[in-house]
Structures are given as structure tokens and as C-alpha cells.
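These features come from TrEMBL:
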COILED    B:105-132  coiled coil
TRANSMEM  B:427-451  transmembrane segment
TRANSMEM  B:472-489  transmembrane segment
TRANSMEM  B:552-570  transmembrane segment
TRANSMEM  B:582-605  transmembrane segment
TRANSMEM  B:641-659  transmembrane segment
TRANSMEM  B:760-781  transmembrane segment
Amino acid sequence: MGFWVTSLIFLLAGVIGALSLRLCCNRGPSTNLLHFTLVITATVCCWMMWAIVYLAQMYPLIVPILNEGE
Amino acid sequence: MADRGGRGGGGCCPPLDLMRSEPMHLVQIIIPMESAHLTVSYLGDIGLVQFKDLNADKSPFQRTYANQIKRCGEMARKLRFFREQMLKASISPSTTPMTRNNIDFDDLEIKLGELETELVEVNANSEKLQRTYNELLEYKLVLHKAGEFFHSARNDAAAQHRDTEARQVGDASLDSPLLLEQEMQTDPSKQIKLGFISGLVPKEKSMAFERILFRATRGNLFLKQVPIDDPVKDPVSGEKIAKNVFVIFYSGERAKTKILKICEAFGANRYPFMDDVGKQLLMIDEVSAKIQELKTTIDVGLLHRDNLLKNIGYQFELWYHLVRTEKSVYHTLNMLSLDVTKKCLVAEGWSPVFAANQIQDVLQRATFDSKSQVGSIFQVLHTRESPPTYFRTNKFTSAFQEIVDAYGVAKYQEANPGVYSIITFPFLFAVMFGDWGHGLCLLAVTLFLIFREKKLSSQKLGDIMEMVFGGRYLILMMAIFSIYTGLIYNEFFSVPFEIFGPSAYACRDASCRDATIDGLIKVRRTYPFGLDPTWHGSRSELPFLNSLKMKMSILIGVAQMNLGIVMSYFNGRFFRNAVNIWFQFIPQLIFLNSLFGYLSLLIIVKWCTGATADLYHVMIYMFLSPTDDLGENQLFPGQKTLQLVLLLLAFISVPWMLLPKPFLLKKQHEQRHQGQAYARLQTTDNGSLEEQDHDSHHHEEFEFSEVFVHQLIHTIEFVLGAVSNTASYLRLWALSLAHSELSSVFYDKVLLLAWGFNNVIILIVGLIVFIFATVGVLLVMETLSAFLHALRLHWVEFMNKFYEGDGYKFSPFSFALLAEEDE
């Protein structure tokens, strides 16, 4: 799975999360917008973390060097 | 304030919940005297009005309802007395659900008075009885101990007597000393009648007592002390004290008075004692009978008191609640000002706009219920004062809002960082606390708290427990995010798992000789989710993790600081403050991103291309010699031009932030002055009146130098802060590294070491040490430190970009809040 595919999965997860929250607890437009904001923020945070770690390993400048003992 | 209607996201979206505090207005309520009490107590029930003190200049005694407050205070005192008494008798007030308003206040006052008198009387009686009882007990002890002593002394004396007589009769040899006979023969004829006093003295005073007696009588006395086995209750103080029974023999009246005085001074209780054995026995019998009698009397008295207290206990909570609410109602009534006609009370206070209907309903109901002829009048006042800040939080959001409020209560309707903190706070925490094993432990704890929420919220918890319970949803979010970041870091109690497919790294060849020297090579696609498990335990793990986590900290930090600056844009738009948008928000955004945004870009480009450029070098020489060629450090074509442009932008944005705003503010101020002159001539309809009010507020002197210095400080703070705040985000790296290193030390050096011994006992000991270290150090201390660092990153690095936090909290008059405060 490449970078874009997984990013798409994150996006989908965000959309599904936002939709399900909208369907499960519909409490007026203001609260729904708050829920939406929270889901989007959470998705962005999680995606960013994943993307950073993924990109850092894409072209490794240093590679794992095993310990002597192992 | 004129643009209250303009809240929300520019018309396209509904207003975001929690982003802005509730719109408030100042209301005036004119209440007829006869329905005032009921109205205020109804308003206390809904708890949506914060009354202003309109009698601030009056002392508490000058106010209208000072007398009633005094009565309430008196009743509260009585109730506290009852509670003390119940506590002493270990009777807990029953927690039956309360049914309100069927007790009349005056009746209650009389009833409480009666109960108090009765209780005081019962207590006084029982105290008297108890005292007599304790005295008798002491007397009995004296009789016993002194009796024993006299008995043994008499036996000794008799034995001695027999001895001498035997000797006198037996041998009159020459050896016997002559004086002995004389000595012995003083006995019967020349004996002086000695007086004696018996009693009890506290053990710790006994030595001093003896010494003083000895000195006072110059040694002309005989003192015998016997300690009592069990401590006895002192009749005067009612406390248990270890005591000695004493008997003092003395001669002469003068010695007696002295001894009596000393006894008094030492708190030694004296009891009469008979020389005669028969009388002694009689006395003991008599005392024992009396003790029996008193005991039953006391028991009956106690039973009576317990019954009385139990009866009080049934209704105690109800009464207490009533008195408390009554007192608060009168207290509030005291804040209202009396109308000139003395027929109405005028109340002023803040209330949320949404509550206007509710308040009017309540007012009507109160008028109806109190059968008043005239209704209350409710009207909205216009004011220049800044309203209080009121966020409608629920049990989930309240903990996050608390975190923000702890820094400073938001200015009225200012953008609330609490909205984003709900996600970013636990996220930053989790970046430092990434381990899904530890995250699961946290989750278990917090789920336990959440499932037992109903039960736990009703009972009293300890200080720390209370805090943890209050933040249970915060901890829940922290736990969920730690599990996520733990999966990214691929650490489960520091152990990696190959959950998301095989590792991307493998040996260069089949023999795997190079693996420990040159390392493995990447043979597959990048590990799809999180860190490759092969890194764990390798020699290059630390350099790799350091590089990764440091860059991650900067990327996350720049993202969050940008969010903070964008929030200042929302504030500027909401308050229609174009100056802040154009001369604060835009240059700030440009400055931050032309330096650290560019750094973030470089980091990403370097990762995506796998280039070996040295980013430190690039950043440093961007300032030192921006025109030089980048050489091998060039990451993309046109980089030099871009750097020059960015540098130029950064340099421009500093004076952009600093200079125009003070001048523009000055110009605005002057314009307003002129405008005001015109406004005076206009017709005075409602709208322009308000406008005038609004303007005259700003009429105060415009100190240009002050505004300029203020802006200078702001600019310097931002420019320096951009560097230091970015550096501050490196704590994410430091703490997450510390966490993973600590947990791997505990795993390797404790658990694996113990496992290696192949011994069950060592394994168990190792396991116990591992568990305690994990819980104590990683789950408690690390959670705390990561929490504090996340707190700091929000309070300082995020919130100083936009948050003023100089508002004051809405504290309505509410019975529900009253109960909380009391606990």
C-alpha cells in the first residue's frame, strides 16, 4: 500500500466517522458542526503522524544495523 | 458588540458550538415586594441569572434583609450543632430523597430552637450524671487500692509487733542492742494520731506532686502511691488519663491545709476513706450500688438523646438544604435595590440571551404562585460593560474547558481554544506517551471510572481521586490517542510487533554477514503503518528515532502554531477588526511560514527525495550568506531564489507587524471623535443612543506612545517566540524518547533478565518489579509529566498566538451550584 492509498483510507475513515457521528447523535446544527470539527481535527492529527513516520522510512539514509549479540 | 448577530462562519455554516461563549445581556427585573422572595428562589432553581450587587456601598447590616440573614445564620449554627452532636454519637443523617417546600420557614425556626434547648438540656444532665459516675468509679478504685495498702500495712505492723514481743520474751541476751528495745517500745503508748488523705492524681504529675508535698511539709509526711492498671475517665475533663492512687499520712492541721491546697493545684481528686475495715466494706458496697444505679440512668439518658438525634437525622438534610437556600435567597435579595416607593425591588443581572423566555416564564409563575396583584417587569438594558463568559459544557467537554479556564477565562465571545484542545491536547500527550500497552492500561482505568460514573459521582472521593474522576473523559481521549501513537511507534510495553505485514528490511545476502556491520537493506515497500519492527534493538535505532522524532516535533509544532494564528483570524473577523487581520494576522502567518514553514517543507522534500542535504546548514546559511550557492545541499531547483524571497518576506513582515497598527488605531480614534460630534446632532432613536454610549467609552485619552510600546512588545514577542516556541516543541521528541527508553530498560533489564535465570522465584520477583516500575514510573509519573508538557504546549505555544483570556466567568445564582460549593 502506497502513501496515497493509505491517505485515502484516512480520508475515508474521517468521512465515515463524521457521517456516523452525524447519524448517531444529531443534536442541532451547532453541535453537529462541533462534532464535525472534532472528527476532522482528529483525522488530520492521526494522518499527519502516520504520514511523517511513513515518509521518514521511504528512502532510508540510515538502515538498521543489527546488534552483535543477536 | 453591535455585531453580535454576525457570529458564525460567514453565513455559510451554523455557529460552532463552544467556539464562542454564549451571548449575554444585562437584564433588569422589577419585582413587587410581596412576590420578591418567591421570584428569587424560582430564579435560583433555574440558575441562569448572575445578579449584580446594587447595594455595594451599604454595609451588610444596613441592607433590607439583614435581619433574615441573621436568623438564617442562627439556624445554620443550630444545625451545625446538631451535626456535631450526631457525629459524636456516630449517627449519620439519612440521605433520603428530598421533598421540598412543605416546611414553613418560621415553623422550622421554632422547631430548631426547641430541639436545641432539649438537646442542650439532655446533654447537660447526662454530663452531670457522667461526672458523678466517674467520680464514683474513682472513689471505688481508691477504696480498693487504699484498702489493699492499709491491709498489707496492718499485716506488716502486726507481724512486726509479734516479732518484737517474741524477742522481748525470748532472749534478753547481752548481744542485743540496747537502743533497739527503746525504739521498738515507742509504739503503743507514745503513738501520735496521724491524719491521712487519699485520692487520685494523674500519673505524669505524680513525681512533681510527691516532690512538692515533700518540700512543703519538710519531709514530715508519708506518701504511698499505687498506679492503676487501666486509665480512668477524669470527672472534670471527661478524658481518659492514667492515674495513681495515693495515700498521704501527715501530722498536724497546718500540714493538712497545705496538702489540701497542693492537691487542688495538681488536680488530684480526694476521696474520704475509713480506717475501719467494716466501714470500708460497707462503703464499697454502697458505691457499687450507686454506680449500678447511675449506669442505668445514664444509659436511659443516652438512649433518649440518640432517639432525639435520630429524629433530627431523618430530616437533617432537608432542613439544612432549606436553611441554606433560604439564606442564599435573602443574600440575593439584599443585592437588589429598593424602589423609591418601597413597593418594588429592582434587580439587575447578566443572563444568557437564550434564557430570556425561561426567565419570563419563571417570573409569571412566581407572580401567580404568590398571588400578587402586579406582575414583575423584565427588560433588557444596554450597557458598555463587558459581559461575563459562559460556555455551555457537558460532562465530556467540561474537563477540556477547565484546562483552558485554568490559564485564563476567555474574553467575552473570544475564540475558544477549548474546541481544538479536545483533540490536540490528548494528541500531543500521546505523542509523548506512545505505547499501546500503556495506552490500554490507561483505557482500562478510565473505562472503569466511566462505567461506574453514576455510583462514583454520588459519593465523596479523595482529593486526587476526585481530580482523576473529573478528568475521566480527558483521560479516555488520552488513552485512545496513546494506543494510536503506540501503534505508530510500534511499541507494546516497548516490544514491537509485525502486525501490518512483514518488515521492509532484510539481509544483503543469504549468509547475513554484513548485518552487524553495514546493516540490512530495504527489500520491500515501506512498512505500511508505523515504525518498522526491525529498528527495535538495532544499533542504529537511536540515531534514526532521534532524527524522526525531532523532525516530527517540528512539523507538529509548526502545524499547531499555524492553527493558533488562524484562530486569530477568526477572532479578527468575528469582532470586525480589519486592522488585526491585515497588520497582525497576515504578517505573522508570513513570518512563521517563511522561516519554519520553509523548514517543514525542506524536511518533507528531503524525506520524499531521499536527498542527503544538511538541513542545519541550509537554514543557517540562509541567514548568514543567502546569496551563496547551495552546492550539494540543494534540494530542488530554484531553491536559492525561493530562499531569498522568503527571507525578504520575513524581513518585511516585522515592520509590517510593528508600524501600521498604532498609526491606524490613532487615526480611527480621531475619526471617532469627529463622528461623535455629528452623532450628537442626530435624532436620538434607540440605535444611535446605544452607539453614543459605545463611543463615549472610547472617549478616554488615546496614549499613542503606550499603544506603540504595546505593539513593539507584541512584535518582539512574536518574532522571538517563533524561534523559541518551535524549539519548545522539541519537548515532544525528548519526552517520547525518554518514555520509550525507560520502558525498554524495564523490559530488557528486569523482565528479560529475570526470564534468563530459568528460575520461577526470580521470574516472579522480576515480574513484580516490572509491574511496579511500569505502573509507578511509566503509568503514573510519565502520564503526569507528559500531561504537564502537553498543558504547557497548549497554554504557551498555542494559546499565545490568539488568546487574550482576560474575561470573567459567569457565576449565576443557582441552588444546584450552591450544593456543590458546600461539598
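Backbone N, Cα and C define each Cβ position, glycine as well.
Unlike curated entries, TrEMBL annotations are predicted automatically.
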Counting Cβ pairs closer than 8 Å to the transmembrane segment (B:760-781), the top stretch among B:427-451, B:472-489, B:552-570, B:582-605, B:641-659 is B:427-451
At an 8 Å Cβ cut-off, counting only pairs 6 or more apart in sequence, do the transmembrane segment (B:427-451) and the transmembrane segment (B:552-570) clear the bar of 3 or more pairs?
yes
Taking the transmembrane segment (B:552-570) as reference, the highest number of CB pairs under 8 angstroms among B:472-489, B:582-605, B:641-659 goes to B:582-605
Report yes or no: does the transmembrane segment (B:582-605) come within contact of the transmembrane segment (B:641-659), defined as 3 or more CB pairs under 8 Å with a sequence separation of 6 or more?
yes
Counting only residues 6 or more past its boundaries, what in the same chain has a CB within less than 8 Å of a CB in the transmembrane segment (B:641-659)?
583-584, 586-588, 590-591, 594-595, 598, 622-623, 626-627, 711-712, 714-715, 718-719
Integer mean pLDDT for the coiled coil (B:105-132):
86
